[in-house]
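Quick notes on the structure that follows.
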Amino acid sequence: MSTTVRPDEVSSILRKQLANFESEADVYDVGTVLQVGDGIARVYGLTKVAAGELLEFPNNVMGMALNLEEDNVGAVLFGESTMVKEGDTVKRSGILASIPVGEAMLGRVINPLGEPIDGKGPIDAKLRLPLERRAPGVIYRKSVHEPLQTGLKAIDAMIPVGRGQRELIIGDRQTGKTAVALDTIINQKGKGVFCIYVAIGLKGSTIAQVVSTLEKYDALSYTTVIAATASDPAPLQFIAPFAGATLGEYFRDTGRHALVIYDDLSKQAVSYRQVSLLLRRPPGREAYPGDVFYLHSRLLERAAKITDDVEVAKKMNDLPDALKPLVKGGGSLTALPIIETQAGDVSAYIPTNVISITDGQIFLESNLFNSGQRPAINVGISVSRVGGAAQIKAMKKIAGTLRLDLAQFRELEAFSKFGSDLDKTTKAQLDRGARLVEILKQGQYVPMPVEKQVAIIFVGTQGLLDSVDLKFIRKCEEEFLAMLEMKHADILSGIAEKGTLEADVASKLKDIATKFIATFKEKNKA
C-alpha cells in the first residue's frame, strides 16, 4: 500500500512549524582583552564605546573606559586584575558610571559604585544618577547667604562657612582635619542638612572608627559614608568623590541642603596620577597628568546654592531626565574638601590648585596642635571668601573685634619675647589675647550652638574675662554658659531666633556676666 504525500499538506505542516519557531538573538557589542595588569586592561574591538562607560569583564569584574585610542580602549578595573586574563571577552554595558541615590542611602556605608558594604542588606533606591555631570551654570545659582554652622567657635566666628560654599580644610597629617569635618557633621543634627562623608584611601580601621563615632552621636541617620579604602583599586579611589557629589546633588536639586566632605583629595590626586601613568598619559609637574586641576575643579564646582525660582531650576544644564519631576529651587550643596600637606608646604602643586578653586581655606598647623590649641586653626592664613554673608548678624557684630584683637595679640606676642618691660596697654592687650585664644579652644565632638558662641565671644571681646586667671578661663566659660542656659534661657533663645544682639540684650548680658565673673573669682581664689 503506497502513501501519497500531498504537497499542500507538507506546506501547511511547514507553515505551522515556522509559526511556532521564535528566534531569540541577543546582540552584544563585545571586545577582547589584549593586555591586563595593575588595574588596567587594554581592550580591542569596542569601537562604539563611550568615555566613562561601564564595561563588563568576566568573573563579575566591572571596569570603565577611560582612554579611547585609535586601535584599542584603555579601561580601568574596579576589581582584582588577577580575575581578568588576556583573550577574555568584554561586554559593553551601554550605561555610564552611575550610583543609586535617595533617602534609602542615608545611614549606610557604600562603595563608590553604590554597593552596600556595611552588611545591612541591599539598598532599595529607585533612582540612579551618573557620576559625572556638568556643574550648574551661573543663571541657576544664587549667592551664598545662609550660614552652615560648624559648631566650632573659631570657624563660625572668623572663617564662616555658608550653604553652597566650598571651604578647604588643609594641614599636615595628625592636625585634626577629619575631627573638624566630623564635628561639622555632628552639628547638623536637627538642622535638615544631609551629610555625605567620602573616605578616599583611608585605612579600613579609620573608616570603621568614623562610622562608630557618627553612630555614637546619632549622626549616622542623616549621613551616608562612601568608602574607598587604601586596599581598594586606584580607579575606585579616583571615582569616590564623584559618587559623593552625585548623591549630594540629588538632595540639592530636590530643594534640600547637603554637605559633602572629601577626605582627602590629595589621595584622590595620587590615585588619578597612578591610573593616568598606567594608561600612558603624558606626565606633568610632580608626575601628575595635565588635567589634574580639571579633575578637582569639575568636582568642586558642583557645590552650589541653587536659585529659589523652580521654573529656572528645572531648566538646569545637564539635569538627568529621571530627576526633572522632583526638582525644587533653593537647595544647596556645600563641599568641605580636605588636603594633606607635607611639612606645612601650602605652595605644593595640589594644595595651590585646590586653594585657587575653593572659596577659602581653614589652615591647621601642627605647632599649634602640639602646643594644646585645638582646633589648631591658624587664623592669620585661614580665610572665608564668603565672609559675613554666611553669618548671623549677632556673630558678624562681635567677630570683627575678635579677629582684630587676635591679630594684635599675635604681633605683640612675637615682640614681647624680646623684652620683659612692657607698658600697661601692651600688657593688657597680651592678657586679653591670651584669654581669647583660650576661649576659642574646644573639645572634640562637642560642637556649640551659635547662640552660646555669641554669648561667650561677646564676654571675651568686652574684656570681662581679663581679670580671670588664665587657667580658670575654660572652667569659667563652662559654668557661665550652664548658668545662662538654666537662668537666662530667654537671652539664648532670643539670639537663636532673631539672629541679632540688640543693644538692650547686650547690656543685660554684660551685667549678668559681670556679676557671674565676680562671684566666680571669689569662689576660685588661688
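Just so you know, glycine gets a Cβ as well, placed from its N, Cα and C.
For reference, Swiss-Prot has these:
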BINDING   Gly171, Asp172, Arg173, Gln174, Thr175, Gly176, Lys177, Thr178  ATP binding site
SITE      Ser382  site 'Required for activity'
Pick the one among the binding-site residues Arg173, Lys177 whose Cβ has the fewest other Cβ atoms within 10 Å in this structure. Arg173
Between Gln174 (ATP binding site) and Ser382 (site 'Required for activity'), how many Å separate their Cα atoms? 18
Just counting, how many other CB atoms are there within 10 A of the CB of Gly176 (ATP binding site)? 20
Binding-site residues considered: Gln174, Thr175; fewest surrounding Cβ atoms within 10 Å belongs to Gln174
For Lys177 (ATP binding site), name the DSSP secondary structure in the helix/strand/coil scheme. helix
Excluding Gly171, Asp172, Arg173, Gln174, Thr175, Gly176, Lys177, Thr178, which residues of the same chain place their Cβ within 8 Å of the centroid of the Cβ atoms of the recorded ATP site? Glu340, Leu364, Ser366, Phe369, Ala376
C-beta crowding around Asp172 (ATP binding site), within 10 angstroms: 18
Euclidean distance between Cα atoms of Gly171 (ATP binding site) and Ser382 (site 'Required for activity'), Å: 11
